[in-house]
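What TrEMBL records for His243 is active site, proton acceptor. According to TrEMBL, the Mg(2+) binding site annotation covers Asn273. Positions annotated as domain 'DNA/RNA non-specific endonuclease/pyrophosphatase/phosphodiesterase' by TrEMBL: 154-401. Annotation comment: TrEMBL describes 171-377 as domain 'ENPP1-3/EXOG-like endonuclease/phosphodiesterase'. Look at TrEMBL and you will find 1-18 tagged as signal peptide.
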Amino acid sequence: MKVVHFVIVLLHWQLSDARIAISDQYVVNPLMEPCEIRVSGGGLGEPQPLILNRDATEFVEPKDAAGIIRLNPGDVISLFCTNGFATPSTTMDLVRATCTTGNIFTIDNKMDEIAFSDITCTAYPYHTARKSGKMCGNGAGVDIEVGFIVKGSFIELFHICHDDIIESTMYVEHTMGPGNEGYQRSFPRPPWLSSGFFSGKNADQLYTNVNQKAMVAQILGSQELADKFIQPTATNIYLARGHMAAKVDFIFGAQQRATFWLINVAPQWQKFNAGNWERVESSVRRMVSQRNTNLKLYTGTYGVMTLPDINGEQQEIYLHFDENNNGQIPVPKLYYRVIYEESTKRGIVLIGVNNIHITVDEIEEQGYIICEDVADKVNWVNWDRFNLDLGYSYACEVEEFAKVVDHLPKMEISGLFI
């Protein structure tokens, strides 16, 4: 009887633990609390690994605006660090982490437990931008995919349709779901990247205030006009590197870093960038979360902005000219974001005028309104759309917009997304 009593006590002790290792399987105590990985507030170690599904083929992300990944005890995820892990000590760059309870995990079936926030890489996972070999933009652009290479497989974040001739991006395509509103807050901005693009030029230098003034003075034939249009950065009257796929359109800091390719930006007036365009971006994220929907987004540019020269003639503005005096890196006339809900095939385009040195009459006269404005039907965008300083803004039906902006992929539209 004493032997039987000992076996019962031992079995009770084992089952009170979170799991018992049996090969790569676990007996899970159903009384254990689920695991939670908090995207913000110190829930991720730094530098953070990529958080992937068990097969390491896609990201594991929060499902709502709370910014918390929830797992059941025994659930397995994969973690990836390009250059390996700092903690825990391992020679592997890809490991499997099994949920125990709370923020506690075990790594690769070992019994030692670790808090998820203590799992760190030796450096941030490398992101890459590479040409896919496909054409886009009605044959005028090359398709570039941005993401991470994990064990030879490419995990995609977004696509860029880029014109290599004028060195301008037509549009960027990415998706957004309810969890995107729970993005990692206050993640530091990394340096800009242009390697492999812009014909080897240091494109980042072309965005400096000094170069902007020099180019505008050259184009308009007047330093006085250049000083008027391009002012010190403290005034916000200058051309910023305007994201298309925004930094905080992505959840994890490691993903946000991947938006800092200069092929993902175009020259955008900073007042507009921080004004109505930021309101478009934040309103879309908030709406997606509130409606619990999933969207495909195409964010891009159209046309070339002009400014009056010394003779009052409108001149197109570029940040660079090649050896044949062809303009490159144009300042766009318009920024746009196409919102497409694939489940209902409904869509809408939100459009902003990228010119803060313009009047309402000039907006109409110079062709900034390219389709019928339906913005009065939209009540979820928190913009001040007639404020010229913040960027005059409007909205259009996708089909009407696409009659003018013909570089977009074809979409089947059943109605207006409002």
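In case you wondered, yes, glycine gets a Cβ from its N, Cα and C as well.
Of all Cβ atoms in the shown protein chains, 20 besides its own fall within 10 Å of the Cβ of His243 (active site, proton acceptor). Counting only residues at least six positions away in the same chain, the Cβ atoms of Ala240, Gly242 sit under 8 Å from the Cβ of Asn273 (Mg(2+) binding site). The DSSP secondary structure for the residue listed as 'Mg(2+) binding site' is helix.
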